[in-house]
């Protein structure tokens, strides 16, 4: 699909550009020259790549005007304005500069981007697709002349040039090449899932330098408050027990009754990106995901969507006021009105069941805790699914760390994986943005650490950095 | 962000001192804090958790449920009692010919009584502001509908009101902008009753409501638990706690279990401080530049009277002797009957539609208007009680409960009292609260205007019941309270016969505001909360203007 139409479009673009050159210059030339089909292709690619997830601020931000602070373990990284504004955006970018930014993480002014921008994934994008994205961002996206806030990370992460060395180690700047041993659908899926959808950005664990670990693709990783789970085809630790239809439905709607509901960043990905992809493209992603190497966590006994059963407690506890422990009391007071005292959810599925639910069956309870604290917010196909959060500022009920731990443990015991326990410290951690990776914890010490472990060149620069610190 | 400052002994200083953390106090607190002022709120009652209240409700007895005990499930602060009726605690002493019609259910708790309201968000009619001019009865407001209309809009925005976009269904139609959300769709019963009664001029309209069928801000969508009163179990219904939380996020501080009892004034009769007792009965002082009492229609006049001082010997703000007078509520009746077809009331929110045909007209010069709410509270409870009384058992019992629940209709009819200075709240000479502060006594007589209006309403009820093929029609013979407490700090242009001006500012004290139901000089027949909030926002604007103008 990507092939023919796009190539034809780009041929038209080149011809158009050549014809227009005599009388027009600059952006005006390109505007006339870009064909509707090319721009439409770019729009679809931008959706598949979910550029808006970061570059359009939530709750009414102007499209692609940036300003959204992406919570990273190292501090907020502000998405830039990528509208074609000449003063605040990328209006002055040539296509080559655009390409460098997207695929190599180098801004128009030469400065390095942080890998919060998933350029290590986008590096796989084809030239044709970069061309279409450029056409879309320069011709259809409306310019917004408002500068996004500058990102200010603490030392040493504020030294953007240090990303040069990180890139030298971790950026594979080669384009996607189809694997002839795999079907066209799987290859298409691989391109969609990695080059565009950058699934790996969240689902692949990272090493101490925050680079994705080879051999662990899609094996699951912490995103801070939320976990991007193992989505390899292992039947116990991954999604091997799901049918292709289940996976398709999940990507299309974020809701597979009796298995999982999307929340947090995955809800955003479905809302902004996946639900808008063609069915064929979603099927291709499913086909790809189902054939990546399976990864098993030896501690897992059964799949995370297979735990628990309905509760019959309601008939037992009524008339016994004051006898419930705190977790059960909060469950029946704050959860049962929607999820039903049985935990079975509502008949129409708007309120999901709590047993046979990946949030309660996972071996790591982060997504359960995060859902209780932050709620669920997902608009798919015009339907707004909304669960209120119960953290500070909740309109419904503000729960303490102890309350959240108690109700999470009750839910895990009653409906989920009873071997998993939530402590107050776990809740405090999720409330504060989740476990911090080593890089964030060691902060400035990472420079000498890099010196010790890296190549000679890196060591030299490390010394320079150290000298600058003294100066 | 500005915060109040506390001394080591627990006294506090803030730009704005607000007594009461219900919807009016909380919305003012939020506006003032968001504008950069330090705000402290003194709340007599406890800070509650929704889950505790929901659990108390789930464990409530059948008797209390069927008889609508909305108070008993809310724990009370030991030092700040509020009315209880199962059994009665006689915190508010009632007397007079219709004392029993003034059994108000209000909460003293962080977030206030909107914990258990039904979220009806009505506007007064333009005519309601000019009762004396139009009909020669009651009083005119110091402001017009047009003056309050922008504040009605802001109140609707703040509370996320769903109301009809169709002007045919609006009451009143005079609006400068649409509701934030379109009406909650009619249920089957609402549609069917509208078909049958509207051709006869009854004008059934949707009730504007502080809830929505799509999420609003951080509030989930209403899914029809039908449990608005006594507690929305999922927080889909607006209540004051939402603005308490917003105010706190903007820097305001709420002190719970802080019972205000004394008010200091200076030689210009400006308020300088409010004293309160904490949970250990220790007294503290809140000094400030501006003061707001938003304690509700009973507690605000009670506090003003309790706080009488040397310069104000009959009570704060009471040079007119009107504090505590003109007490009003929509004294009402209930009518129940069985329609001759299933209408299935009890699905969706507790209130859904209402007959407003008799809301206004020339007859108001002689008798009260009314509105008839088609109560949408599930009829299963009363149906069960009735079926049991028939002595049925087994399948026959189940069938009868089903039939009665499906066909049962309950009209909640509200009437409009006139402000009467003899309907008066005074301080009890015999009963005191645990802090030794006098409890309120209230003399209440609904008056001939309401009694005549009730007669007219009875004829209309019979007609409605007839149109629905009704049997077993029962109309209550004594008036019931509706918890819409008005009049005790009445608004007017003349300081000699009223307590506050059109901004709810006390005539006697230039830095004291008394917004809420107590200020309302006419009751109309509609629930008061939206008008109370509109008055609160108008008061907040005038407080802000005083800060901006350097007058405080």
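The backbone N, Cα and C atoms fix where each Cβ goes, glycine too.
The annotation signal peptide is assigned in TrEMBL to A:1-30. The domain 'Cytochrome c' annotation in TrEMBL covers A:37-141, A:184-293, A:322-415. The heme c 1 binding site annotation in TrEMBL covers A:51, A:54, A:55. Annotated heme c 2 binding site per TrEMBL: A:199, A:202, A:203, in sequence order. According to TrEMBL, the heme c 3 binding site annotation covers A:335, A:338, A:339. According to TrEMBL, the transmembrane segment annotation covers A:445-466.
Secondary structure of the domain 'Cytochrome c' (A:37-141) per DSSP (helix as H, G, I; strand as E, B; remaining residues coil): 44 helix, 12 strand, 49 coil.
Listed binding-site residues: A:199, A:338; maximum Cβ neighbour count within 10 Å falls on A:199. Each of the binding-site residues A:55, A:202, A:338 was checked for a CB under 8 angstroms from a CB of chain B; the ones meeting this are A:338.
The heme c 1 site is defined by A:51, A:54, A:55, and by the 8 Å test on Cβ atoms against their centroid, the other residues of the chain that qualify are A:50, A:52, A:53, A:56, A:64, A:66, A:68, A:79, A:82. A gap of 32 Å separates the Cα atoms of residue A:335 (heme c 3 binding site) and residue A:199 (heme c 2 binding site). In this view, residue A:339 (heme c 3 binding site) is surrounded by 21 other Cβ atoms within 10 Å of its Cβ, with every protein chain counted. Taking the mean position of the Cβ atoms of A:335, A:338, A:339 as the heme c 3 site, the remaining same-chain residues with a Cβ inside 8 Å of that point are A:331, A:334, A:336, A:337, A:340, A:343, A:345, A:351, A:354.
Geometry remark: residue A:55 (heme c 1 binding site) versus residue A:338 (heme c 3 binding site), CA distance 34 Å. Within the domain 'Cytochrome c' (A:322-415), the DSSP-based counts of helix, strand and coil residues read 42 helix, 10 strand, 42 coil. For residue A:54 (heme c 1 binding site), applying a Cβ distance below 8 Å and a minimum sequence separation of six or more within one chain yields A:68, A:70, A:79, A:116, A:117. For residue A:51 (heme c 1 binding site) paired with residue A:338 (heme c 3 binding site), the C-alpha to C-alpha distance reads 34 Å. Within 8 Å of the centroid of the Cβ atoms of A:199, A:202, A:203, where the record puts heme c 2, the same chain has further Cβ atoms from A:198, A:200, A:201, A:204, A:218, A:221, A:228, A:231.
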